[in-house]
Each structure stands twice: as C-alpha cells, then as structure tokens.
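Going by TrEMBL, these are the annotated features:
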- 22-79: domain 'Acetyl-coenzyme A synthetase N-terminal' (DOMAIN)
- 81-464: domain 'AMP-dependent synthetase/ligase' (DOMAIN)
- R189, G190, G191, K192, T309, N333, S521, R582: CoA binding site (BINDING)
- G385, E386, P387, D409, T410, W411, W412, Q413, T414, D498, R513, R524: ATP binding site (BINDING)
- 529-607: domain 'AMP-binding enzyme C-terminal' (DOMAIN)
- V535, H537, V540: Mg(2+) binding site (BINDING)
- K607: N6-acetyllysine (MOD_RES)
Amino acid sequence: MANLHPVPAEFAARARIDKAGYEKLYAESVSDPEGFWGRIGKRLDWIKPYTRVKDVSFDISDLHIRWYEDGVLNVSANCLDRHLATRGEKTAIIWEGDDPDDSRHISYRELHAEVCRAANLLTHLGIGKGDRVAIYLPMIPEAAVAMLACTRIGAVHTIVFGGFSPDSLASRIADSQCKLVITADEGVRGGKRVALKANVDAALERPNTNSVETVLVVRRTGGAVDMQVPRDRWWHALMEGQSEQHDPVPCEAEHPLFILYTSGSTGAPKGVLHTTGGYLVHASYTHECVFDLREDDVYWCTADVGWVTGHSYLVYGPLANGATTVMFEGVPNYPDSSRFWQVVDKHKVTIFYTAPTAIRALMREGEDPVTRTSRASIRLLGSVGEPINPEAWEWYYRVVGESRCPIVDTWWQTETGGILITPLPGATDLKPGSASLPFFGIKPAIVDANGNLLDGATEGNLILTDSWPGQMRTVYGDHQRFIDTYFRTYPGNYFTGDGVRRDEDGYYWITGRVDDVINVSGHRLGTAEVESALVAHVSVAEAAVVGCAHDIKGQGIYAYVTLKVGVEQSEALRKELIAWVRKEIGPIATPDYLQWAPGLPKTRSGKIMRRILRKIAENAPDQLGDTSTLADPSVVRNLVDERMIRG
Ligand code: PRX
C-alpha cells in the first residue's frame with residue numbers, strides 16, 4: 001500500500017480547485033466537452049470569437065481534430081499585449097545565467113518591446129505567415145523573444161535542442177524546409193561552451209537545406225564565428241533599427257503554431273504539429289490549475305525550450321497567464337550541486353518543476369547541498385518526463401520540500417501539448433509514483449493487446465478515447481503517419497505508447513513505454529534512430545538497441561553490434577562506435593553499453609526479438625521466455641555468455 005499524502009490544509013483552504021471542485025468540473029468536462037471547453041476558451045483574447053468549439057473524429061477513415069475552428073487570435077498578443085495595462089511592470093522572465101553572478105529581470109513591457117522589434121525584423125527578412133523558422137539557441141531570453149516573434153507574425157517555429165548534432169539539426173531543417181535559422185555564436189552550460197553557430201554551418205552543408213536564406217546569430221559569448229555573407233547576419237545589429245510597435249497578425253485557431261520533432265518507434269523523428277487556439281487554451285489552463293497559480297508566484301520550470309515542456313510550461317502557459325517565469329541557462333551541478341536551491345533562494349521561487357532524472361542525480365549527492373539552503377519560498381513541487389520512482393519522490397518531498405509542499409507528478413507527451421494526468425494540489429491526495437487522476441476533459445482507458453477495454457483495478461496499454469484542445473493535429477508533411485502511429489493500433493482511440501496500471505482508487509501509474517521508444521533522462525529516443533546511426537559506421541553490419549535500467553537516467557541505452565566480416569572486435573572500436581553515435585545524434589544518445597553480437601536473435605521471418613535482448617541487457621537470462629521461434633537459438637547462448645563475463 002502506497003504511502004498516502006493528503007492535501008495539506010493550507011492548499012485545501014486557498015486552492016483554486018478543491019476536491020469537490022475537481023469532481024464537479026471533471027464530471028461536467030467529460031459529459032459536456034463543448035460547454036466546458038467553450039467556457040474555458042474564453043480565458044484567451046480572441047480577435048474574432050469562435051462560435052464552434054469542437055469538431056473531432058478519431059475514426060481513421062475520417063480523422064480530423066479541430067478546436068475553436070472559426071476563432072481568430074494571436075499567441076504573442078495573448079502572452080504580452082493583454083497584460084500591459086495591468087502587469088506592464090511585472091517581471092515576465094527572470095533569466096538566470098550559467099554564471100551565478102549573471103541574471104536579469106525582464107518586465108512584460110520590456111518583453112513586449114523586444115518581441116515587436118523581433119517581429120519587425122523577421123518581416124524585414126521576408127518571413128511571413130506560415131513560413132518555418134528553426135530556432136537553435138541556448139537558454140537565453142532571445143529564445144523566448146524569437147518564439148513569440150514568430151507567433152506574432154504567424155510564422156511556425158521549430159526549436160531544435162542545442163545539444164543536438166549538425167546532422168540532427170539538418171534533418172529537421174530539411175523536413176520542415178525552414179527559411180530562417182536563429183542561433184547564437186556559442187552556448188554556455190556548466191562553464192563549457194557549445195559551438196552552436198559552427199554546428200549550423202555544418203548542418204547547412206547537408207542535403208535539402210537550401211531552403212535556408214538567412215542565419216540570424218545572437219551574440220552570447222563573443223567567441224569567434226565564421227560569418228558567411230550575405231547569409232549570416234547579427235541579431236543585435238539588425239534589431240537595433242527596428243520599431244517597438246508591431247500589430248500582431250491575426251491567426252486562425254487552427255493555424256500552425258509550431259513543429260517539434262520527437263522520436264517514435266520507427267524511422268526518423270516526426271514533426272509534431274501544434275496549432276494556435278486549442279494549444280494555448282490547454283497550455284494556459286493546465287498551467288493555472290495544476291500549479292494552482294497565484295499572481296505573486298515566481299514559477300520555475302527547469303526544462304530547456306528545446307523540449308515540449310519548455311514550450312508549454314516555460315514560455316506559453318506561464319506568459320499567457322501573466323506569470324513570472326524563471327529561465328535558467330545552466331545545469332544543476334554547476335558551480336556545485338546546490339545550484340538549483342541557490343537559484344530558488346536568490347529569486348524566491350515559489351513553484352519548482354523539474355524531471356526525475358535531476359532529482360535522482362541530486363539525491364546521490366546527499367542531503368547537505370539541499371539543506372544548507374533555505375528554500376522557504378517554495379510551496380509547490382512538480383515532476384515531469386518519466387515515471388518517478390517512489391524513493392526519489394519521497395526524497396524530493398521530504399528533503400527539498402521539507403514535507404510541506406505537494407508534488408504534482410504530471411503525465412503528458414510532446415503529442416498531447418500539455419498535461420493530461422496529474423494531481424491538482426488542492427484537490428488530490430498524493431501517492432508517490434502515481435500521476436494520479438485525469439485532468440478536465442481527459443478520458444483515459446486501459447486496453448489489452450487485443451484492444452479489449454479493461455475495467456477497474458487493472459494493467460495494460462493507455463489510450464485516450466476523446467480529444468482535448470492541446471492535442472497534436474498531424475505529423476508535419478505526413479498525415480498518414482499521424483493516423484498510422486496513433487490511431488491504427490486501437491481504432492477510434494488515441495494510443496499513447498505507454499503502459500499503465502490503475503489501482504482500486506482509480507489512480508493511474510504509468511509504467512513506461514510499451515513501444516520501441518526509450519526514455520533517457522526524460523528525453524525520448526527511438527531505438528531505430530540509434531541503430532541507424534550505428535549501421536552508418538563502416539565497420540558495422542547490424543545493430544539492435546534496447547533500453548536498460550539506469551540509476552540516474554531512468555533508462556540507459558544498450559546497444560548490440562554485429563561487425564562486418566573481417567573487422568576485429570576491440571576496446572578501441574567499442575569506444576569509437578560510442579563516440580560515433582554521440583557525434584551523429586548528440587550527447588543524449590550516447591550508448592551506455594555496447595556489446596558485441598556475433599549474431600542477433602531473430603525469428604525465422606527475420607524479425608529481431610527485442611524482448612530477449614532486453615532480458616539479456618537486464619542480466620536476467622533465466623527470464624528469456626520462449627525462444628523456440630528463433631531461427632538460431634545458439635545466438636542467445638553466446639550473447640548471455642558475453643553478458644555474464646561483463647557482469
Ligand atoms: O512515457 C511517458 C513519459 O514520457 C513520454 C513522453 O515523452 P516526451 O514526448 O518527450 O514528453 C516529455 C514531457 C512531457 C510519455 O509517453 N512521461 C512523461 N511524463 C511522465 C512520463 N512517464 C511517467 N510519469 C510522468 N509524469
């Protein structure tokens with residue numbers, strides 16, 4: 001029986017939503033979604049109000065998802081202009097640099113002026129409504145300015161995480177056919193510099209990147225860069241002459257807002273497309289309810305803007321709500337492992353939202369780096385990105401939150417746009433390790449492998465039987481892939497790719513991915529991506545990659561490699577292949593283990609049996625299960641023996 005943490009009295013008394021409120025609103029939201037979301041949609045400023053709320057079919061022969069379809073709005077006007085009258089001098093962004101002596105407060109008025117100038121600049125560079133813009137920036141205020149400037153003119157941004165390699169950047173630019181790339185000379189993280197502009201230069205040498213006409217370069221470090229005229233232009237030089245006035249461009253509710261690439265079971269990362277109206281309603285409403293937002297909160301989400309969490313809960317949700325949001329350039333352990341809590345004390349952070357992998361890494365350093373800081377300002381903690389193990393949950397609760405602060409364990413995905421299963425801090429009793437109950441309008445269900453609905457306390461695959469406003473609308477440029485990936489497995493429903501257990505109280509416990517996606521430190525990677533990077537090396541004949549348990553990262557990457565005939569196995573080659581994957585995709589894809597595989601376990605039809613490879617990686621040879629369908633069972637014996645030698 002899990003340790004139950006009831007809603008603290010302070011939250012119950014002051015919360016936006018209490019237990020009775022949750023039950024009432026949830027019931028309404030699922031019985032009358034049109035009425036419910038019709039009302040909630042009014043939280044935004046619409047240039048032209050919507051008259052239609054929901055037009056959705058999950059039927060694969062007629063799949064469509066439309067929310068607030070005839071409404072017209074502008075995202076940046078909702079995040080900035082409408083706050084000027086009442087919150088103009090309020091801090092919108094507190095920027096905390098990698099260097100602890102470096103920080104800045106940017107008011108809503110200042111941010112508005114910067115975004116207007118940037119919108120004028122983009123227009124001047126020939127970027128218009130619907131054009132794609134790649135953003136490859138470190139965690140500096142210009143990242144938020146660039147995002148909002150795109151939304152102001154109706155351009156579609158695609159942010160590429162600064163840790164991705166030139167190849168990964170190139171494939172995203174090629175797929176989305178961007179006209180502009182916004183980058184920086186270099187990024188700084190943990191005292192180390194990252195050569196972003198040089199990576200852009202390398203990316204633009206790759207095929208199908210000719211769509212890029214301009215590269216705008218923000219000066220972050222002043223490090224030397226190679227400016228190719230006329231393609232490359234300095235951000236600061238061009239921003240200088242721009243006006244601080246700009247009329248936001250009206251965008252239809254279903255106008256594309258951004259594309260964000262994410263990994264799936266097969267093939268190259270998919271361009272998840274989110275649109276304007278529904279996304280912003282969902283991001284802002286969940287941000288307000290889940291974090292029980294108050295006007296004087298200082299809210300800090302530690303995610304990078306390169307991930308969906310950075311989109312929805314660092315920039316769009318908080319700014320649409322007129323909140324103060326902290327943007328942190330650095331890492332949790334620089335200059336030392338008290339850094340998060342030093343930043344909390346410095347800026348009097350009240351709400352802190354991070355990933356389990358960071359908590360586990362800090363937990364390893366002991367309690368002292370935490371307890372030597374005050375953290376008295378914190379009132380609410382959050383977790384996102386992967387299942388949080390109960391030990392890490394309890395440590396986060398007891399040590400960081402001093403057993404006073406509820407933890408909201410928020411389950412969602414790049415595809416969902418915002419939080420779907422989560423506690424509400426004033427309404428939900430907490431069970432460590434459980435994302436708990438569905439948010440308003442969310443209808444989770446559990447099915448077995450054959451699609452049979454399972455009732456009551458049970459375990460199986462997580463599906464969602466109805467839409468919500470923040471749902472992705474398509475895979476950019478490949479609608480068929482959207483249908484096939486999410487709606488074909490359990491027709492009529494959205495399949496999440498996650499396994500889940502539901503307990504006797506109706507609480508959901510996400511058990512992890514059930515497909516060939518691995519979750520490394522809260523970052524999604526397809527095993528197929530790592531495999532294709534490996535086989536691109538001249539020495540490799542074949543590769544198979546699986547996830548394995550990892551104390552800090554949650555999951556690590558375990559690669560099996562078959563070398564080409566005549567190539568010798570060696571430690572040097574093992575290291576070279578690990579470095580190769582790191583260079584091909586980026587540091588997050590670095591394999592943790594690489595085992596030589598003279599052969600891979602395959603069925604007679606040639607399909608690699610990953611179930612077996614996962615068990616070998618786990619060092620559980622007694623749990624291999626049925627191997628009788630293998631073409632050559634001796635392959636398994638060899639792999640197990642090698643694994644045993646390594647220990
Ligand atoms: O497996 C689930 C896991 O992360 C996946 C989504 O990854 P991504 O699209 O990169 O988005 C991460 C940030 C929302 C999910 O399919 N996941 C995310 N949050 C949780 C989680 N697993 C368990 N508990 C969570 N709170």
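Backbone N, Cα and C atoms are what each Cβ position is placed from, and that goes for glycine too.
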Among K192, T309, V535, H537, V540, K607, the recorded positions whose C-beta sits under 6 Å from ligand 1: T309
For V535 (Mg(2+) binding site): DSSP state (helix, strand, coil): helix
Rounded mean pLDDT for the residues that make up the domain 'AMP-binding enzyme C-terminal' (529-607): 94
G385, T410, T414 filtered to the binding-site residues whose C-alpha is within 10 Å of T309 (CoA binding site): G385, T414
Distant-in-sequence Cβ neighbours of R513 (ATP binding site), under 8 Å, six or more positions away: G497, D498, G499, N519, G547
C-alpha spacing of S521 (CoA binding site) relative to W412 (ATP binding site), in angstrom: 15
V540 (Mg(2+) binding site): secondary structure state under DSSP, collapsed to three categories: strand
Helix, strand or coil at T410 (ATP binding site) [DSSP, three-state]: strand
Spatial neighbours, same chain, of V535 (Mg(2+) binding site) - Cβ under 8 Å, 6+ residues apart: A541, E542, A543
Where the residue listed as 'N6-acetyllysine' falls in three-state DSSP terms: coil
Three-state composition of the domain 'Acetyl-coenzyme A synthetase N-terminal' (22-79), taking helix and strand from DSSP: 29 helix, 11 strand, 18 coil
Cβ-centroid neighbourhood (8 Å) of the Mg(2+) site, V535, H537, V540 excluded: A533, L534, A536, V538, S539, A541, E542, A543, V561, L577
